[in-house]
């Protein structure tokens, strides 16, 4: 089964508290979501492989390290996942960005895919799905399934807050996918919101209702 990791770095926890507050405005919310995304991917990528390369500094020749192995693609689940992308790209500017568009039926809470766009070599890349919320796990599982259907083999999931029910759903449906969260919250409410959560991340990012 894939591992579930809470990235409890003090800066991540501090910034998460700010965006949880109901009086945090759109601009600050948007900025900090991006910052947390960058901090999370920094922690998540500690196991990326390195290789030796010969370079020449202004002083002379030297053997140094650079990234090896599979290239990365960041996959936000639209629309809320977009808020995490800029922070991730500040850490990994060379990463490609794919997009999966989904909406959730407010009655059934079931996700529906309406858009999918990826780099052509998706099967050769490591995919990091980003989405602020892991609630029921429905959207995450659909996104993972859509990537696997197109040939992706290496997938990780990064979320800001996760409900235990969502973590369980993803682990059962996709035991080969590792999940990373800034925090695991208490529970999933009957209306599909995470408690205590941070509200509707998409609306708070873009100033909509």
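Backbone N, Cα and C atoms are what each Cβ position is placed from, and that goes for glycine too.
Listed in Swiss-Prot:
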type	residues	note
BINDING	79, 104, 131, 132, 133, 134, 135, 136, 137, 138, 139, 200	5-phospho-alpha-D-ribose 1-diphosphate binding site
BINDING	194, 199, 200, 201	uracil binding site
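A map of Swiss-Prot features onto the structure.
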residue	record	DSSP (3 states)
79	5-phospho-alpha-D-ribose 1-diphosphate binding site	coil
131	5-phospho-alpha-D-ribose 1-diphosphate binding site	coil
137	5-phospho-alpha-D-ribose 1-diphosphate binding site	coil
194	uracil binding site	strand
199	uracil binding site	coil
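Looking only at Cα atoms, residue 131 (5-phospho-alpha-D-ribose 1-diphosphate binding site) sits nearest to 201 among the binding-site residues 194, 199, 200, 201. The binding-site residues under consideration are 131, 200. Their Cβ neighbour counts within 10 Å are lowest for 200. With residue 199 (uracil binding site) as the anchor, the candidate binding-site residues are 133, 135, 137, 139, and the one with the nearest CA is 133. Other C-beta atoms found within 10 angstroms of the C-beta of residue 199 (uracil binding site) number 17, with every protein chain shown included.
The record assigns 79, 104, 131, 132, 133, 134, 135, 136, 137, 138, 139, 200 to the 5-phospho-alpha-D-ribose 1-diphosphate binding site, and the maximum Cα to Cα distance across that set is 17 Å. With residue 200 (uracil binding site) as the anchor, the candidate binding-site residues are 133, 137, 139, and the one with the nearest CA is 133. The subset of binding-site residues (79, 133, 135, 137) lying with their Cα within 10 Å of the Cα of residue 201 (uracil binding site) consists of 79, 133, given in sequence order. Over all protein chains present, the Cβ of residue 135 (5-phospho-alpha-D-ribose 1-diphosphate binding site) has 24 other Cβ atoms lying within 10 Å.
Residues 132, 133, 193, 197, 198, 202, 203, 204 surround the recorded uracil site, their Cβ atoms falling within 8 Å of the Cβ centroid of 194, 199, 200, 201, which are themselves excluded. When the alpha carbons of residue 137 (5-phospho-alpha-D-ribose 1-diphosphate binding site) and residue 194 (uracil binding site) are compared, the span between them is 11 angstrom. Proximity note: of the listed binding-site residues (79, 133, 135, 139), 133, 135 have a CA within 10 Å of the CA of residue 194 (uracil binding site), given in sequence order.
The Cβ neighbour count for residue 201 (uracil binding site), using a 10 Å radius and every protein chain shown, is 24.
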